[in-house]
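Annotated features, as they stand in Swiss-Prot:
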BINDING   H564, H568, C666, H670  Zn(2+) binding site
Amino acid sequence: MSKSTAEIRQAFLDFFHSKGHQVVDSSSLVPNNDPTLLFTNAGMNQFKDVFLGLDKRSYVRATTSQRCVRAGGKHNDLENVGYTARHHTFFEMLGNFSFGDYFKHDAIRYAWELLTSPQWFNLPKEKLWVTVYATDDEAYGIWADEVGVPRERIIRIGDNKGGPYASDNFWQMGETGPCGPCTEIFFDHGEHIAGGPPGSPDEDGDRYIEIWNLVFMQFNRQVDGTMLPLPKPSVDTGMGLERVSAVLQHVNSNYDIDLFKTLIDAVAKAVGTTDLTNKSLRVIADHIRSCAFLISDGVMPSNENRGYVLRRIIRRAARHGNMLGATDAFFYKLVAPLIEVMGPAAEELKKQQSVVEQALKMEEEQFARTLERGLSLLDEEIKNLKGDTLDGETAFRLYDTYGFPVDLTADVCRERGLKVDEEGFEAAMTAQRQRARDASGFGVDYNSLIRVDENTPFCGYEKTQQQAKVIALYHNGNAVDQIAAGDEAVVILNETPFYGESGGQVGDQGELKNAGVSFAVQDTQKYGQAIGHVGKLTQGMLRVNDSVDANVDSQRRDRIRLNHSATHLLHAALRQVLGVHVAQKGSLVNDSYLRFDFSHTEAMKPEQIRQVEDIVNAQIRRNLTVQTDVMALDDARAKGAMALFGEKYDDHVRVLSMGDFSIELCGGTHASRTGDIGLFQIISESGTAAGVRRIEATTGENALSALHRQSDVLQDIAQLLKGDSHNLTDKVRSVLDRSRALEKELQQLKAQQAAQESSSLSGKATEINGVKLLVTQLDNVDPKLLRTMVDDLKNQLGSAVIVLGTAAEGRVSLISGVTKDLTDRVKAGELVGFVAQQVGGKGGGRPDMAQAGGSDVSALPAALASVESWVAAKL
């Protein structure tokens, strides 16, 4: 009996754990250490800084099952998903890693043992083929002479991508940095499947399938292209869980493995179909995995960046559900079966289940409101299409008006043998939106300008002053030996009391000084393991190895500490009031206020906001001790400490406890007792995305000042109403009632005026071919009354065409009315549009009533004068 996907995942991790590897949890799909990356798309992403030498771990061997998404950006598999056997938006990457420990011999030996040993995967050795980089004689020799793979099944792959080291078998992190050859292992499905071995003209067939890639990082590529040997070569491997499961379960398509068969059955049940061969089922089964895990990791549907990629995937799934006959929201119903089939890999998703389901349902229902209309428009455009390509302007209109991502439009077109002019779509988007929605905010890693090998000890938990030594200086991203007055720079010290921005807490400000030298620290940032003091030298000359007094702005730090501690109290209070589904989605803590984003699907009620505020202030009055303990990460979790999912934590973590009320993992600076916070006030509560709410609040003196401002405003209002703050509500209600009564009276007077105006105007109508025509400009008439006047005039005149215009505050208002007996010849919408374009405007409406506006008041008389000839031509 073949292993299940869950058993294969666990077997991989167990094997490498038995070889001395640390089992590391999957990191978030949102990379927290690489702003150039849209989504985590490989197992090595969370170890990038380790490979670059910017981060150190307590272990030198690691193994993971990493959740990955490839949709959008460089790795965009979206259009192929569901139509091929192996393309996915979401997949799991099994990997083992060596950070300067073992290298090629052990990496290859481990891979062969796991794949072929009867105790593990027990694959037939004769079914396995291997590729190596053309000049990697070492790897070739290990496979041939030590492992015993026949040389005819070891294929050398050279530079097949147009340049030196540009090869399927040479891996590079970027244009510079760690790189090296790789060896790939392929499984031969047999002669009954079309395709040739790797490197052959028929290699794209499905017979030989790559199942494992072993990367040997042994070089450091320089700017000039030279390859320098790394002092400690490393290993990074990746094996797609879905691919190896297909091999071990003896099926040729990933969609036939147990995991996908379960999901496809769930999709069929949700949409009410029995045809399990329909490719739309595969599309939806894939998409629920990426969408659910992305939302669980904090991404919400939006029109920007990651949120827009998520929206595209959800809407593609919704459209395929529509094709299968789904009439109601169904996608969210797949979260529960997904959690069940993913098993231990879905623990975090299970905690967020209700939030994920609600976000999916809201997005699907929102799209459903425009899906049918958009598809009808697309059908109409395709019917009238000349050629085989839909123009970019139409694709953009579908996106802009009906929310159709361009790849969804491309899907529909492809099903009918058509293409989409995607370049034209991008041009239309740029011209009409003036911004690119799918890439903004990514692509520039400013921290990469500064590479610091040092580790800066932080001593700022205990003090805000420290004598230290300058160990590095950076000016314009380059290391320098000295800086002069006026230079902006980053200063690295051998130790510092300055807190580097992280965990939502802003970096410290202050001063570095010695005799005749002053460096104003405007911000503090982390550069790998180093803490950088960002600012400007205002006096003297600062050199590497100089001693300085590092002085944090302690008053500013104190305000930040209070706000940060209040954030923890707020988090715990929200979970009490709203439920344990509340999880932190982001935060900002500075010296003025705190901002806290959290998972919740609806706006908080005023009484809930008050309840949260009261709970936090009650904990402040309890004056709880704020205690910090350093312990193993597993011990902290066992103690119940809340962690921010996706955040990277060391093996030992700081656990912050506030009495019996709050316990969280946190590396920030805090009050010593909750009473130090003094006062907590919520300033605002709002939504930032589907399923994410935001609270802004303030503490201490800032909160007191906010209360004083509110009190002052109430006193000012009371004086204006000639009352006091005690009866202010009654006074305001009385004023509003009086205002509404006067407004009603005014509208009645205006209606009477309009009726009188209509009576006087009816006598000014002329006649064309038996039809009354009334065209006139009115002065000092409320534009809102024009519609009433037109209705009155139509009743008075009988068969008639009416155009009224008025100008007020530099704007033209136009209205056209046509009695129903004439709308087959004269349409009010066309008529008012004809007039509006002459006054710099546009408008439209029904055939019998239409309105428009314009900006050229001076052109109004001439525009109205042109109406008679236009109407005459129609009659």
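Yeah, the Cβs are placed from backbone N, Cα and C, and that goes for glycine too.
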Under 8 Å by Cβ from H670 (Zn(2+) binding site), same chain, sequence gap 6 or more: R561, H564, S565, H568, V626, T628, L656
Listed in sequence order, residues with CB under 8 A of C666 (Zn(2+) binding site) and six or more positions away: G503, H564, H568, R654, V655, L656
Protein Cβ atoms within 10 Å of H568 (Zn(2+) binding site), excluding its own: 27
Residues within 8 Å of the H564, H568, C666, H670 Cβ centre (excluding the Zn(2+) site residues themselves): R561, S565, T567, V626, L656, E664, G668, T669
Other C-beta atoms that fall within 10 angstroms of the C-beta of H564 (Zn(2+) binding site): 25
